[in-house]
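All remarks here apply to the structure that follows.
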């Protein structure tokens with residue numbers, strides 16, 4: 001039975017405004033979650049508008065299925081496959097906007113049974129879709145110490161990655177960890193210097209979650225796919241919550257806004273330059289949550305919204 005965990009959508013109005021909704025447009029909410037963005041998009045669409053929502057979390061799908069609206073459809077799957085979903089519906093190049101709200105949601109964090117949080121004891125799972133792939137416990141029990149250390153360093157920016165990885169492997173040899181509390185305790189014991197403002201397991205849990213769900217690869221693939229999916233003038237509106245996510249989004253928008261880089265002085269005809277193509281996107285800037293939103297929803301503090309528009313190139 002699914003409990004009703006509270007979820008406050010971050011940068012709700014700003015992210016939807018970033019799509020520049022047309023009443024008859026076709027939009028994608030790639031991270032349905034609990035439907036905050038989707039419901040606002042639907043409220044701005046006319047009868048001819050359409051909204052395609054995507055989520056890989058079965059609990060999110062259950063919520064989406066309660067929306068009885070002929071303009072709305074939900075897909076159970078990763079947003080990295082959005083180009084396939086669009087192609088199946090013969091909508092390639094016709095999408096007027098894509099919204100992505102990256103990372104883990106409040107209901108996922110707050111539900112101990114999902115295994116995302118070191119603050120609540122539950123099964124050491126961390127999968128966005130619990131029906132697919134390895135759980136965090138399974139991966140930590142089979143991975144090499146060097147691989148665990150690399151994940152903690154790369155995706156958690158954990159300075160004590162090697163020490164923590166060694167402690168995890170040693171603990172799993174004695175008795176395999178299956179609970180979030182066990183992992184949090186092992187990490188805390190292996191961390192020689194504590195940050196008084198942050199739990200010692202914060203970075204480890206983030207890193208393992210990102211790895212288990214292939215989160216950064218998912219983002220990169222979705223961004224790449226957006227170029228073929230969006231119509232000219234179509235918008236990308238993307239919310240990220242930590243520097244690794246935001247770095248990928250920022251770099252993609254910057255690179256696609258530049259167009260092909262030609263070395264200075266290289267002799268090229270006008271026809272050759274045209275063949276290289278122009279800018280794919282026009283970056284429209286970024287927004288951060290205001291003081292009022294952060295006060296009402298502390299989890300919004302680290303969020304960044306970046307918006308870009310597909311060019312006619």
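Just so it is clear, glycine is given a Cβ too, placed from its N, Cα and C backbone atoms.
Quick caveat, the model's predicted, so the values are computed rather than measured.
Classification of residue 108 (S-adenosyl-L-methionine binding site) by DSSP places it within a helix. For 35, 36, 37, 55, 79, 101, 108, the entry in Swiss-Prot reads S-adenosyl-L-methionine binding site.
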For residue 36 (S-adenosyl-L-methionine binding site), the three-state DSSP class is helix
Distant-in-sequence Cβ neighbours of residue 37 (S-adenosyl-L-methionine binding site), under 8 Å, six or more positions away
9, 12, 15, 16, 29, 31, 99, 101
If you count the other CB atoms within 10 A of the CB of residue 35 (S-adenosyl-L-methionine binding site), including all protein chains displayed, you should get 22
